[in-house]
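Q: So that we are looking at the same thing, I have put the structure below in structure tokens.
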């Protein structure tokens, strides 16, 4: 029964509310302001939120009001629209744009609006009429920061000759709410509207989301000084946290202005020389650059003549030559206003050295004579001369003249004259001249041995020098060829088949000129199956041997006996054997040292008679280079101890020594005995004539 009573009571209240409204859809008209009898509306409560967040709409009615019966309205264009009802602590949202975004907050009548959009920027009102009418207004302010501003410059550029305002740049700020304010800057200075100078045109576009897109166009009349000016725009906007701003990037606008001055520029800077790559550029202070022409003064007529320039205003001289020196000038034609400008003249100097001349051009001399060589050249700068030996690079003389005294065969060959300009680094010219020394052919060796294999093809070479340059002939049939090394030297090569006849007779190469002849004989030595030759590792095929002149030999070659080449294998084996012998000897000495058997003490030499034989004595053999057949092994035991290898070798030492001394070769000759005591052993060395014997015994002090 109680539930039915509450439902009936709520239905009655709804009917009363409906009767109070002007229309059955819940929309009522707000009384116009200034109607007599109406109290002035209080200032709404301000609530600020960002787009996408939630807003708390409080309904702070006093205690006399009944919060069990509260209605919420939204006011737009002076019309109220019911959006939410509160009955007995229960909330009910009305159909519409707020149906799913409003919810009751706490035990009172406050609401929470979620997912706030720019369309929610309105006045909200909560109203209670029982027991008396009360209401509370809320002004909801919605904010959204715009995106980073973008800026675009005019691609056509701006001419300073145009007296109308032209579009400089456009600034766009997207998706902000409410729309931001734009400020234009030039070189960090804010721009303001100025008649016939600056105009800022802004417009706003409302997107379907309710957000704003701002577009601002800067129009201005620029001057030449603005060619490097930096322009940018700034967006100012507000958020619940306060005021904020965003800046665009800085841009430079192309400004077109006529040229006022032209000039020439030369690269590289500094003193130029022949062979350099030189660029002559025509430059101006206008934008765009005018059409350039580069002219050079004709030294004969005195008139300026246009030079061919594939690139506008760039003349390339590569390589630069002395005829490129002269006076240059640049001219420019501005196609916009048809005005012509000229630069100051520029003098270009290309330093040079002419071709070097040496006299005599083909110097010739006799052995023992002398020669004088003179070097000449021209230049626009002071010259320095230097003579070098071509073969060694040795500096022979500082100056244009070179004197060669006491000529020898070795003086023949190349000499180089260098003419340089000290004040211009890298500027020089050279000339090579060959000095010829008259003489018969000269060859290094009279005879030469070459190791060959029978029935194989062999390349043999023969070299000779002389002036006039000799020719070389061979006394065998074969394919011969000559190579000229220089005006005085020639090399001949012949390819032959090694036959038994050639192994017996050898081969001759003959060098001859108008002053004489010279012969070198090449003996072919057959390589056996077991013979090791210096070229034993050479791959199969024709081998080559060269006979060439020696630098210090005289014109008359002397016979030189060449040693037979030693076998590399034999040398290696000998070295290895020596190393092994030394290693064994060192090991034996080290072993004896550890055993205490190395001889130590004193030695002496005295004349004595033969001592009696004792059991503990041992006589050892000392070989003699003179009488090896007469020496025998005299061994005995030491301390009555004998090694197993010595069994059966013991003899009576006294008897053997006496027998040896009584031999026919001993006779009545006197003999000497040398004694040596080392580490408990006493050694006696007997010598008579060319024979030697040794005897060893243990001393009393030996343990």
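Each residue, glycine too, has its Cβ placed from N, Cα and C.
TrEMBL: automatically predicted annotations, no manual curation.
Since we're looking at a predicted model, the values are computed, not measured.
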Q: State the residue range annotated as transmembrane segment by TrEMBL; the candidates are 522-545, 546-569, 570-593.
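A: Residues 570-593 are the ones TrEMBL records as transmembrane segment.
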Q: Taking all residues of the domain 'Ig-like' (441-520) together, what is their mean pLDDT?
A: 90
Q: If you count Cβ pairs under 8 Å, which stretch among 36-139, 254-342, 441-520 touches the domain 'Ig-like' (354-434) the most?
A: 441-520
